[in-house]
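Trainee: The structure under discussion is supplied below as structure tokens; questions concerning it will follow.
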Amino acid sequence: MRTTEETEGFDGEASNTSMISGASSPYQPTTEPVHSRSVLGGIRCDLEYIKSYFGVLKVVEVVLSLIGFICIETIMMCSPCGGVYFFEFVSCSAFVVTGVLLVIFSLNLHIKVPHINWSLTDLVNTAASTFFFFLSSLVLACINHKTGAEIAAVVFGFLVTGVYGINTFLAVRRWRLGNGCQGTAQTSEYMRARTASRGEMEARPELA
């Protein structure tokens with residue numbers, strides 16, 4: 001029969017063995033709290049973007065487009081009305097689209113959808129808004145009844161055309177710089193891969 005000391009020693013060794021195996025086990029219990037994922041958790045207001053050139057230009061575009069739309073909406077009677085309707089459609093569309101892009105960029109929502117080329121999207125919007133605002137303002141300037149609302153709409157139309165033009169110029173430059181950096185990165189990766197392949201061929205001459 002085993003003595004009491006032998007039994008106690010055996011129990012101590014078993015306890016130590018279980019502690020060691022428990023410490024080395026990859027399935028360790030954790031005391032870290034489980035954080036629930038929130039859909040709005042990653043949304044924050046990017047003040048740096050709002051203070052940047054693009055942010056300021058977009059705010060001015062939204063405001064001027066809204067003022068032009070309000071001016072054209074105050075016209076009660078018109079004949080012909082083609083110029084008024086055209087300017088109304090352009091100012092409303094530019095206000096909505098540019099306002100949505102301003103919200104997306106200000107809240108960093110574009111980061112959550114990386115599959116879309118947002119620089120190109122912004123460029124297309126600003127270029128199209130520049131063209132259609134200039135065209136609608138020119139048509140309204142040629143076909144109007146010299147009322148105060150129409151004159152104000154024409155003035156704000158040409159103002160917002162200039163702002164969109166500046167934004168288009170900056171967007172084109174940003175888009176070209178982005179494509180140039182991407183092309184340089186791809187070329188560097190290609191050259192690095194070729195260099196690594198040549199190094200392997202030199203290290204293993206039997207493959208030549």
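First residue shown is number 1, and so on along the chain.
For all residues, glycine too, the Cβ spot is worked out from N, Cα and C.
OK, TrEMBL features for this one:
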COMPBIAS  1-11  compositional bias 'Acidic residues'
COMPBIAS  14-33  compositional bias 'Polar residues'
DOMAIN    49-176  domain 'MARVEL'
REGION    1-33  region 'Disordered'
TRANSMEM  53-72  transmembrane segment
TRANSMEM  84-111  transmembrane segment
TRANSMEM  123-144  transmembrane segment
TRANSMEM  151-172  transmembrane segment
Trainee: Sort out the residues at least 6 away from either end of the transmembrane segment (84-111), same chain, that have Cβ-Cβ distances under 8 Å to it, and list them.
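Mentor: Non-local partners: 42-46, 49-50, 54-55, 58-59, 61-62, 65-66, 68-69, 72-73, 75, 78, 118, 121-122, 125, 129, 132-133, 135-137, 139-140, 150, 153, 157, 160, 164.
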Trainee: In the same chain, which residue numbers or ranges, 6 or more beyond the ends of the transmembrane segment (123-144), come under 8 angstroms Cβ to Cβ?
Mentor: 61, 72, 80, 82-84, 86-87, 89-91, 93-94, 97-98, 101, 150-151, 153-154, 157-158, 160-161, 164-165, 167-168, 171-172, 175
Trainee: Can you check how the pLDDT averages out over the domain 'MARVEL' (49-176)?
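Mentor: Looking only at the domain 'MARVEL' (49-176), pLDDT averages out to 93.
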Trainee: Could you break down the residues of the domain 'MARVEL' (49-176) into DSSP helix, strand and coil, giving a count for each?
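Mentor: For that range the per-state counts are 107 helix, 0 strand, 21 coil.
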